[in-house]
Amino acid sequence: MYNQSANGYSGGGGGGGPGYTENPQHNEQGEHLDEDDFGRTEEEFYEDMQRELADDAPWKRIQQNTFTRWANEHLKLVNRHIDDLQSELSDGLNLIALIEVLSQKKVPRHNKRPNFRSQKLENVSVVLDFLENTERIRLVNIDASHIVDGKLKLILGLIWTLILHYSISLPMWEFDKADTPGLAKDTTPKQKLMHWIQEKLPPELPITNFTSDWNDGRAIGALVDACAPGLYPDWSDRDPQNALENTKEAMDLAEHWLGIPQLIQPHEMLNPKVDEQSMMTYLSQYPKANLKPGAPIRPKTNSARVRCYGKGIEPNGNHVDTPAKFHVETFAAGKGNVDVIVINPKGQREKCDVDICNDKNQTYDCTYYPTMEGQYKVIVKFAGQEVPKSPFSPYIDGKAGDASRCKAHGPGLEANTVIVDKPTWFEIDATDAGNGLAEVVLVDSHGRQDVVPVAVKQTSPGKFRCEYVPRESGLHSVNIFFAGRPITNSPYGVNVASSSISSYDDIRDRFTPSEEDNYSSIELERSKSTTSVDTISHVRFQNASDAKKCRAYGRGIQPKGIRTGDVAEFRVFTKDAGEGVMKALVAGPEGLEIPCRITKDNSTTYTCGYVPTRIGPHTVNITYGGAHIPKSPFPVDVTPFKDSRIRAFGPGLEGGVIGFPADFVVETNGETGSLGFSIEGPSQARIECNDNGDGSANVRYWPTIHGEYAVHILCNDEDIPHSPFMAWIEEPGNFDSDKVKAYGLGLEPSGQIIDKPTEFTIDTHNAGEGQLRVQAIDQDYQPVDVHVKNNGNGTYTCRYTPRNANRHCILIDYAGVAIPHSPFRVWPTEPSNPSKVRVYGPGVERGVKMNAPTHFTVDCKEAGPVISSSFSSTNLNHRFRSLDSLDVDKCDNDIIPYKIDIQALDDEQQHCSFAAQHDDKNNALHVTYRPKARVTLVNVAVIW
């Protein structure tokens, strides 16, 4: 006799239906253990149980089919096939063949032609002994007779044991390392498989089980595309109403191109009673899947991800006969063609030139030439679909200014005075040219237009100052346009020189330091050549500053997330960079300068901020001592203002510590859309998202290197307001926030009273050294004052006063890391007033007659609510229950316990019986009794 559990399962994984040991609602006999959440009577419950335990229960049929297909996938290697697990394993031969394929070992000598029961029993016994003693697979409560006699439940249990051992436990997972965050050393195969799937799938598709989460066809489509990007790219666009069709298409692709056989059928996967073990068996094939050559990989086409920007589609600023330019970025939208239709005020179509740039953003440059004044319509399509915000409605003003009347001058346009890495400038005078804006395009010696940005600042009406810093030597072309036309003498040829100049006097003139230069003086060493002509053999700079040692951090220099109207801030640190002048210049679309506030916090720290007003690409140029700091200029893509009800809060949005999760909360507040998260910083950070089921999610990420991280919170692939959040991750210290304990009424889900102080205690004495921070916010995300008192023994007493009956969140972090269970959600209520409970009726008045029925009423309507953990504080209806029938400490929050004692005074031992009718709708209790004595005492107690 081998030990195998009565349900035939040796461990690992969860049950797919009743009868499985991991099902929390039933024991092995099918007896109900927990309270029924579905409102069923006891009789109805047992009827449902009998259906679930029947031989033809849906989950059992699915499991038998799946396990049979799994066995045949292995048996086909030895030219065997079975149709019925229950009968075709009885002689042991098919079972031996299956074990030999799985183990890659030979099973000991056995009878190859078993005709008698004894021979079959011997074969099966050989197999079971081989599994337990050679393969070290633990079997419980099973022997050879169970297999020979066709005990289906135990046979399924044995097959599950083989699946668990050979298909799920043995494979080496890509994350199967001892130090993998989120996985303990004793992680079960089921947990490992779930972890692998969660890592593969996008955050907006949270998967927490192997049953109901797979019923709509989206999860399997996403998994197929995650294993082979581009194999099923449009899974998220499929109609959920066509779940069967979508599931079949995804599984067919997986079978044909990933080599994953359909051990479970699409209609079985969508069955609400789908078996968990069957799903695990099928899904366990994906970690080992490899894409076959010739697979139909196709990028996902999504016109919603196309972005348009530029002056040509803005409401104002365009002129008749002047090129109206705009750009279309398609890098995130997949493959497709860009079509532009321009309609003038008369409804006529005008020509628009569309040229692809072949850059990393797959940008198309679009130019049209308006022929008349008035309202235009610009329609932009990608792959036949209109892009977001199309059609655009630019208004075309009258004829623009005359570029031929513009003049330009300055050292930045001189042929031989510009030097590599040294800032230079020039001015454009358009005071007599009429309406228009100045634009500058600088082409370097390699013909590139996007390498050297030019900042154009309008200093006064009709005058512009332009600044740039060349990066390489050679001939550059400075192209100057006004109102879309080149000015006189444009382009200007500028020969950018390196620092190697042989003329002593010339180099003296060129290197005369100014306050913007990153050197304070130079030393020149002359040498005599064979021709007795002075040359410069060495140039030594005496550096006053080193811009390479400067650093800049903050949301204002992030590539994505800034919207029009945002206060985009960043900080510049110049420690160890020497003496120099820090400058920050922000250039918007068309090169126009945007005002940038610079505040010097101390000798080495500057806080800067700007407010963009136009959408499109911006550039933040940060220089120190005249030289750009590392990564400058910073490209910033500004998108339109967007209002959103989604809010995020928590310590993980501000900082964290290496080795600890950084936690935060996202609340949608009823807004719909696909949530997503990305973390950008010095290291990749694993992200976990737990859907709370109430429109909120708890999110955590694990950074592994210290530094600044940008936490992007996305809705439909767009940053929500204030995203990205900038978090600074510190090196680990001598603390453990997991050892901080917090307790008390102030942290309980209910029990707090409006306008009444409530307290809780925080115990940090075992947590090491760290800074404690306690915050509270109400449902409107307004701060609630929390008074924290240090008790001097490692504990703190905290007190706050809720001001309204909405949900409050208490956030506690220690050394920048959230403590266990933070944030704490509490729901304060209006104060109750038991003194307003009224007891009235003939049964409590004079004139009660012996042996005659009488009654009275207990009315709690005006006494206010019972303290409840319900989300709504306006529900004042509660249930009366006799104190004799319940435990006050364990009763539900909406129950009002009561105690009624009716006693005859002539005989203290004699108590009258009574009947109580509950009127829960009106918060009242009606009591009827028959007095047995002339004088009777009625005691009524209501426990609030």
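The backbone N, Cα and C atoms fix where each Cβ goes, glycine too.
If you look up TrEMBL, you'll see 1-37 marked as region 'Disordered'. The compositional bias 'Gly residues' feature in TrEMBL is assigned to 9-19. Under the heading compositional bias 'Basic and acidic residues', TrEMBL lists 28-37. Residues annotated as domain 'Calponin-homology (CH)' in TrEMBL: 61-167, 187-291. The annotation repeat 'Filamin' is assigned in TrEMBL to 298-396, 398-496, 542-638, 638-729, 732-828, 829-864.
Secondary structure of the repeat 'Filamin' (732-828), assigned with DSSP and counted as helix (H, G, I), strand (E, B) and coil, comes to 6 helix, 42 strand, 49 coil. Taking every recorded stretch in 298-396, 398-496, 829-864 and counting its Cβ pairs under 8 Å to the repeat 'Filamin' (638-729), the highest total belongs to 298-396. Residues of the domain 'Calponin-homology (CH)' (61-167) grouped by DSSP class, helix first, strand second and coil last, total 72 helix, 2 strand, 33 coil. Broken down by DSSP into helix, strand and coil, the repeat 'Filamin' (638-729) contains 3 helix, 49 strand, 40 coil. Secondary structure of the domain 'Calponin-homology (CH)' (187-291) per DSSP, as helix, strand and coil residue counts: 62 helix, 0 strand, 43 coil.
Note on the repeat 'Filamin' (829-864): DSSP counts are 9 helix, 10 strand, 17 coil.
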